[in-house]
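**Student:** So that we are looking at the same thing, I have put the structure below in structure tokens.
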């Protein structure tokens with residue numbers, strides 16, 4: 001009898017990729033997808049540890065799942081509960097202490113061993129904890145990816161050696177590791193053969209990817225652009241310190257590389273950037289932005305900002321607001337600083353009051369909303385090539401994404417799903433654009 005798997009994903013795009021690969025790993029055991037946890041024989045929570053609230057959400061969800069697990073047992077069945085990802089890596093033993101009904105706890109580098117963990121949990125009847133950083137890369141043991149839809153994530157780099165003072169990633173994802181170019185290109189070819197037209201390369205420091213013998217991310221993207229069927233390429237998340245001339249030239253020369261770049265800066269204050277151990281200052285970032293926009297005049301930028309970092313003064317915060325205006329970010333992910341246990345910033349004495357964080361976050365988000373809407377309105381009348389990837393909400397409507405990641409609605413025939421078509425933007429909605437055939 002077929003078994004059903006439900007995976008709930010928290011956090012970043014890397015977790016989305018990992019969740020899909022966990023499903024691939026478990027498919028040979030007979031697990032097919034479930035739409036809801038209530039239908040599942042196995043539930044995996046793939047977790048994020050970036051902020052405190054994200055971790056607490058996991059424990060809250062486990063409380064709900066415990067009831068489903070008990071109901072399944074009363075009906076004579078079994079629901080395997082697994083916690084994966086960065087919370088599992090950082091707090092594996094705490095998870096088993098607070099939620100002893102969990103069957104499997106595994107880190108982000110060990111999910112290729114899930115079949116063995118499932119078998120071990122069934123044999124022993126107790127919890128399995130696997131949060132090692134194995135010497136062998138997990139990618140060497142994963143099956144071919146299962147392509148669904150017209151867009152896909154492709155992990156090329158994991159881990160981080162930057163050790164920003166606020167961040168847990170070096171501790172939960174481990175040291176930086178780059179997948180071999182041949183493996184990346186083979187996976188891209190498999191995805192394209194399955195109908196994928198847009199590939200987003202993923203990494204904690206994706207532009208730090210290196211393949212030896214002169215291979216950097218720019219060269220990898222050039223090779224990826226030669227893969228038959230790949231029409232659009234993106235990459236995230238990049239670090240300003242790893243943005244080299246070869247990659248910038250790729251933005252200038254490759255039409256497949258979308259003119260939208262997520263380049264996190266976190267703060268516009270030199271003092272705070274130094275306290276964060278970001279390894280660059282404000283002017284270095286601005287010079288990099290100028291260089292990128294000179295190479296690719298149509299380029300639009302997004303970023304991450306942390307407000308209320310320990311010691312952030314009103315002047316520091318205003319420097320961030322000024323940087324947002326100067327760069328003209330069309331999108332940002334902005335967050336209140338959240339102390340993460342074990343990081344240097346958590347031990348800093350000058351913590352900012354929550355009320356101040358709330359006010360600053362509201363100001364940043366209001367400014368960014370204004371800039372986003374200005375950018376969207378500036379798109380009206382422009383012709384763009386849109387990848388149509390699904391039916392829209394209304395009959396006869398399709399939904400796609402612009403080169404700048406904006407959702408775009410158009411009246412079009414269903415057979416155009418999976419194609420890149422020229423459209424003219426005609427109208428701005430609060431969360432999307434409207435278009436007609438160009």
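Using N, Cα and C of the backbone, Cβ positions are placed for all residues, glycine too.
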**Student:** Looking at Swiss-Prot, 48, 86 are annotated for [4Fe-4S] cluster 1. Which of 12, 160 sits in that same site?
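**Tutor:** So the [4Fe-4S] cluster 1 site in Swiss-Prot includes 48, 86 plus, from the candidates 12, 160, 12.
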**Student:** Let me spell it out: for each of the binding-site residues (48, 86, 160, 164), count the other Cβ atoms within 10 Å of that residue's Cβ, using every protein chain shown. Which one has the most?
**Tutor:** 86
**Student:** On a count of neighbouring CB atoms within 10 A, which of the binding-site residues 12, 167 is highest?
**Tutor:** 167
**Student:** Name the secondary structure element type, per DSSP in three states, that contains residue 86 ([4Fe-4S] cluster 1 binding site).
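**Tutor:** Helix, per DSSP.
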